[in-house]
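Asker: I have a structure I would like to understand better, so I am pasting it below and will then ask my questions one at a time.
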Amino acid sequence: MASNGVDEQIKLVEGPAGYVLEDVPHLSDYILDLPTYPNPLQSNAAYSVVRQYFVDEDDTVQEKIVVHKDSPRGTHFRRAGPRQKVYFKPSDVRACIVTCGGLCPGLNTVIREIVCGLHFMYGVTEVIGVDCGFRGFYSKNTVALTPKTVSDIHKRGGTILGTSRGGHDTSKIVDNIQDREINQVYIIGGDGTQKGANAIYKEIRRRGLKVAVAGIPKTIDNDIPVIDKSFGFDTAVEEAQRAINAAHVEATSVENGIGIVKLMGRYSGFIAMYATLASRDVDCCLIPESPFYLEGKGGLYEFIAKRLRENGHMVIVIAEGAGQDLVAESIEQQDASGNKLLKDVGLWMSLKIKEYFAKHNVMDITLKYIDPTYMIRAIPANASDNVYSTLLAQSAVHGAMAGYTGFVSGLVNGRHTYIPFNRITERQNKVVITDRMWARMLSSTNQPSFMNPPKGTTEFTD
């Protein structure tokens with residue numbers, strides 16, 4: 001029997017010394033007298049040697065680990081992992097997986113490990129993949145997924161299920177979940193996708209359905225808050241090195257050579273910052289969070305000329321969302337997911353630098369522009385991201401089988417946790433330019449901060 005309380009997703013449990021647990025919803029919150037079953041892992045020979053494999057219900061993970069001695073204990077999240085009791089009989093489980101939004105290294109690994117985790121750890125045999133994002137739910141496009149069909153997909157880029165932006169119709173999606181008798185839904189996507197997943201969870205709860213909704217957060221830009229990082233990010237940074245290395249070779253092979261590399265980062269410059277730190281060949285890194293200006297004392301043009309006179313070459317890394325206020329009126333258009341369409345700041349920057357140096361007869365330059373954006377996101381995950389994606393997928397499976405719903409699995413301070421949907425969709429994670437990591441990057445490039453444009457120049461307004 002179902003109870004009311006669709007909006008009761010935020011579950012706060014308070015304890016002594018300022019302890020707060022931001023708990024995730026559970027099927028038992030709105031369905032009474034749910035039966036439980038022994039976890040099949042108890043009889044799984046592979047796990048018989050693992051001591052204390054099951055997670056204690058009281059285990060939580062602290063959100064902030066750097067505190068003062070008198071600070072309150074702060075916010076915690078429920079620790080991820082298998083429980084001794086599960087709320088689904090494996091023979092009754094009919095699970096589905098959907099991928100939405102842009103591509104990202106590791107998508108196929110997550111798909112594979114959800115399928116294999118359900119099958120080998122819990123004995124679930126019915127798993128289907130939903131084709132091409134949310135709209136696949138109501139366009140009748142599905143594919144059967146078995147350990148055999150997904151055995152080597154982690155070696156490929158992209159997603160075997162296809163993906164799309166938009167197409168979210170909550171009522172139609174839940175109607176089809178109900179019609180197909182699906183009782184576990186795994187949704188892989190970014191913040192927009194997880195907002196859609198939250199809407200699906202709420203509608204399922206409103207209808208009183210025994211359906212667990214689990215999210216695996218995905219963004220190559222690493223702009224999802226709370227979690228340590230997104231899967232695919234390490235691969236993206238590693239692959240970005242190839243473009244930066246090529247730009248460095250081009251720049252050093254000619255007199256006054258400039259190499260410009262545009263990397264992904266619509267609103268957050270993490271890929272650009274970490275790729276710059278990893279490369280050590282970059283002279284200037286420009287990201288959306290750090291304003292800059294072009295002309296005048298201390299501007300970008302002056303810095304480029306200075307660096308060329310000193311070294312005879314220069315490499316610039318720019319995130320796709322950097323300097324949009326400097327670009328001629330940005331277009332007021334959005335993609336199907338509601339993301340603002342940006343002008344190509346890398347191409348614009350290349351043209352502006354060429355024009356300035358020619359117009360002012362500063363010096364002859366040779367400029368090469370490299371845009372590896374889609375190459376970076378379309379490759380398979382590296383070893384680190386494959387392991388990370390595996391653990392995220394397995395955590396989601398453990399959570400759904402244990403009856404949790406309306407959550408994403410994520411790494412917080414090195415521990416896998418279950419996080420309420422609202423916590424990862426309420427804001428975007430951004431580079432903090434007053435933080436140590438940005439200072440480390442500045443010390444690597446020795447670039448100016450560009451924070452104080454002189455009078456008479458065009459200022460960047462945040």
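Cβ atoms here come from the backbone N, Cα and C positions, even for glycine.
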Asker: For the ATP site that Swiss-Prot assigns to Arg165, Gly166, Gly190, Asp191, Gly192, Thr193, which of Gly102, Gly106, Gly117, Gly123 is also named?
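Answerer: Same ATP site in Swiss-Prot: Gly102.
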Asker: Which one, Glu113, Glu126, Glu320, is listed by Swiss-Prot in the same substrate site as Thr219, Ile220, Asp221, Met264, Gly265, Arg266, Tyr374, Met375, Ile376, Arg377?
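Answerer: Swiss-Prot names Glu320 for this substrate site.
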Asker: Any idea what the Cα distance is from Arg165 (ATP binding site) over to Thr219 (substrate binding site), rounded to a whole Å?
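Answerer: With the alpha carbons as reference points, the distance is 13 Å.
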Asker: Near Gly190 (ATP binding site), which residues of its own chain have a C-beta under 8 A away, given they sit six or more steps off in sequence?
Answerer: Cys100, Gly101, Gly102, Pro217, Lys218, Thr219, Ile224
Asker: Let me know how many other Cβ atoms fall within 10 Å of the Cβ of Gly192 (ATP binding site).
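Answerer: There are 20 of them.
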Asker: For the recorded positions listed here, Ser71, Thr219, which shows the highest count of neighbouring CB atoms within 10 A?
Answerer: Thr219
Asker: In whole Å, note down how far the CA of Gly192 (ATP binding site) lies from the CA of Gly265 (substrate binding site).
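Answerer: Cα-Cα, rounded: 16 Å.
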Asker: Where does Glu320 (substrate binding site) sit in the DSSP three-state scheme?
Answerer: coil
Asker: If we check Cα distances from Gly192 (ATP binding site), which of the recorded positions Ser71, Asp221, Glu320, Met375, Arg377 wins as closest?
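Answerer: Of all the candidates listed, Asp221 is nearest in space.
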